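Notes follow the structure.
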Amino acid sequence: MRGISRLEGDPDLQFLLKGGDLLKVLSPSWKKTRYFRLQEDCKTMWRESKKTFKKNDTFSLDDISAVQMGRQSEGLKKNTEEQVEDRCFSIIFKSRRKNLDLIASSEEEAKQWVKSMQKVVSNLNNLSQKQKTEHWILSCLRKADKNKDDNLSPSEVKSFLHLINIEVDDEYMEMLFKKCDKSKSGTLTGEEIKHFYDLLTQRDEIDVIYGEYAKTTGFMSAQNLVDFLMKEQREKATLADAHRIIEMYEPDENAKEKKLLSKDGFLMYLNHPDAMILNPDHKDVYQDMSQPLNHYFISSSHNTYLMEDQLKGPSSTEAYIRALQKGCRCVELDCWDGPDNEPVIYHGYTLTSKILFKDVIKAISEHAFKTSQYPVILSLENHCSVEQQEVMARHMSSILGSALITSPLSDGMPTNFPSPEELKGKFLIKGKRLNKLEDTFAEAAADDNDVTEEEESNDEDAQKEKSTKKKLKLAKELSDMVIYFKSVHFNSFEDAQKNLSFYEMASFKEGKAMKLAEESANAYVRHNVEKFSRIYPAGSRTDSSNYNPVPLWNAGCQIVALNFQTPCTDMDVNQGRFLVNGKSGYILKPAFMRDVATDFDPITLTRGDWLKHKTLHVMVISAQQLPKVSQKKSSIVDPLVKVEIYGVPADVAEKETKPFDNNGLNPSWNENFQFDVYVPELALVRFSIEDYDSISDNDFVGQYTLPFNSLKMGYRHVPLFNKNGNLLPSAGLFVHIMVMDAE
């Protein structure tokens, strides 16, 4: 049962398999030696604790987001001295798990650890779906082989079946075992294990589909493949396209030479990301990015500094980094006076920890444009004295430099927002301003440095602050940095239309915004054609829970801020909305939401030229390699699939399959659903898998959400994300999709 890694024999892999001692850093005084080693599955890191009764810890390489050399992490900067810079490195995880900050015995050893781990993680990430499946199966085989003799006894086979999330009765297991035990030795070895593996990974549904089109001596010819692509997948395909697919995916050289596609090649093609359910043309930036900024939905975070809840949870620069890595383009900075004339960021009037404003700006500057090149909005919730506001302005100016927008892009007074394309690599400040932008062009600067503080902080902290309106002293240096996003109080849509300039925007608490979206939907849509709206969670959500962003998007609201630190269905939907367009964090609103005279009303669905009713047909066929939800050995998943539509109220719908008992390896349903979708431009489709429980709530297994208009038709694999929004490496769903114009 050798490893399938393409790195077998590689010196970097051998270094990790041998392992070594590293100093784990938790605080300036807590630095303990731990032994780290890569396990034989080439996928799991093992960490030995020196404590007698302490459980040894493991983590999967699949959970690693990055391995960084040097004192880059917040923890290493705070807890180590500069002289150990060259010996430090950090392991950054995709989930909410804390970074692992480590010190090696020498610079050379630190570089070796970083280089080796980066290589193995990259290798894992680049495995094909078939290789991931083999890797997963073989790692489970190793775990099941208790005595490490490379043979599997019947009891070890049963253990293996539990590990891969499938329950079979003893009689069936015995039949399967005897079928594979050709040598009659009572154990499976070598080719017998491979035969057992082949039986387990048999995909009957693929056999049926392939058999329909494999008309050339049991293979698919290039023409057969063109027929499949055009008839089933609804793609325009030529013989040249078919030849390219055969060249890329056919593993058998003889078949490839004859321009034939085997069943293995066919499955490899169907498992490739470009052949899955998400339209590959929508993965990169494909929308017009030259429209005014307010014509886009913008991925936005609330209380970005928090890692957990907003009463006593930790604040961290890592929270900003993680949000930016997920494509967030609007982050919040809750600013308060700190010691030594250095402003701090934390959730006011709570026990959340504090971080330096300048450290946050540095982290944002370093990580803002790694996922997306499009502009980042810094939403300032300012509670600082004038003196510390001046410090804030100096920090932003010195750290962000020319990337910070401090004057309109045009020479004269602007009349509209610039576009995301024009603002690539730029930062914009949202906050209070002493005067109107027009005044600076009229050379009538304000003498008074008082503004009324009517920001969301007053709603969130109403129980702590008696007055809902008070005077905030504002530093001119900070005020002058607010160009395109001046925070103002909202009175009414009529007042905004009459008295507010295009760049003056209001923030709405979720309750007020939801009420407007329900009772004045068309007025809200029209307001957002010309102005910006920011929505934020109610202050009562002390657990950092979220709200459904969809009704606010339906009303054209651009900045619908969510707690990125909290995994939930609402964040899944947010991830689905911004999954496309290069994960740029900007999604162009439909044309009927960019017209000042629009009659679009998401509640009443007033009929207009924009209405294009579609019918969606979904056949849920099967799933593969679902993870175990419970860590109990005897626990096997009973999966069911939910298909949900998010969008305008008329489109909201949910349907689910029956549960499939005791099988997470290859459950099948073959159930058909139909949905009517009236506003496809705003609709999202969510596929989720749950572990059915007749007594309590179902457990979440995985999900995938994408825009309705990014669906590909035909037989498609659906990747699955875990609750933290990270890809489950081997798991997937298999469906058939058909979208038709409704009669």
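Each residue, glycine too, has its Cβ placed from N, Cα and C.
TrEMBL annotations:
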type	residues	note
BINDING	24-51, Lys430, Lys432, Ser507, Arg534	substrate binding site
DOMAIN	132-167	domain 'EF-hand'
DOMAIN	168-203	domain 'EF-hand'
CARBOHYD	Ser183	O-linked glycosylation site
ACT_SITE	His302	active site
ACT_SITE	His347	active site
REGION	446-470	region 'Disordered'
COMPBIAS	446-460	compositional bias 'Acidic residues'
DOMAIN	478-594	domain 'PI-PLC Y-box'
DOMAIN	597-722	domain 'C2'
BINDING	Asp691, Tyr692, Asp693	Ca(2+) 5 binding site
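Here the features listed in TrEMBL are painted onto the structure.
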| residue | record | contacts (Cβ under 8 Å, 6+ apart) |
| --- | --- | --- |
| Lys24 | substrate binding site | Lys31, Lys32, Thr33, Arg34, Leu100, Asp101, Leu102 |
| Pro28 | substrate binding site | Lys78, Asn79, Thr80 |
| Phe36 | substrate binding site | Gly19, Gly20, Asp21, Leu22, Met45, Trp46, Arg47, Glu48 |
| Thr44 | substrate binding site | Leu38, Thr58, Phe59, Ser60, Leu61, Ser139 |
| His302 | active site | Glu332, Tyr536, Pro537, Ala561, Leu562, Asn563, Phe564 |
| Asp691 | Ca(2+) 5 binding site | Val629, Ser630, Val637, Asp638, Pro639, Asn698, Asp699, Phe700, Val701 |
| Asp693 | Ca(2+) 5 binding site | Asp638, Asp699 |
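Neighbour counts of Cβ atoms within 10 Å were compared across the recorded positions Lys32, His347; the minimum falls on Lys32. All protein chains shown were included, and the count of other CB atoms within 10 Å of the CB of Glu48 (substrate binding site) stands at 15. Closest to His347 (active site) in space, going by CA atoms and restricting to the recorded positions Glu40, Ser183, Lys430, Tyr692, is Lys430. Note on proximity: of the binding-site residues Glu40, Lys430, Tyr692, the one nearest Ser183 (O-linked glycosylation site) is Glu40, by Cα distance. With helix defined as DSSP H, G or I and strand as E or B, the domain 'EF-hand' (132-167) counts 23 helix, 3 strand, 10 coil. A 10 Å cutoff on Cβ-Cβ distances gives Ser183 (O-linked glycosylation site) a total of 12 other Cβ atoms nearby, all chains included. Outside the domain 'EF-hand' (168-203), and at least 6 residues removed from its termini, the chain residues within Cβ reach (under 8 Å) are 1, 133, 137, 141, 150-154, 157-158, 161, 267, 622, 624, 662, 665-666.
Packing around Tyr692 (Ca(2+) 5 binding site) is summarised by its Cβ count: 16 other Cβ atoms lie within 10 angstroms of its Cβ, all protein chains included.
In the domain 'C2' (597-722), helix, strand and coil residues by DSSP number 6 helix, 60 strand, 60 coil. The Cβ of Glu40 (substrate binding site) has 16 other Cβ atoms within 10 Å, all protein chains considered.
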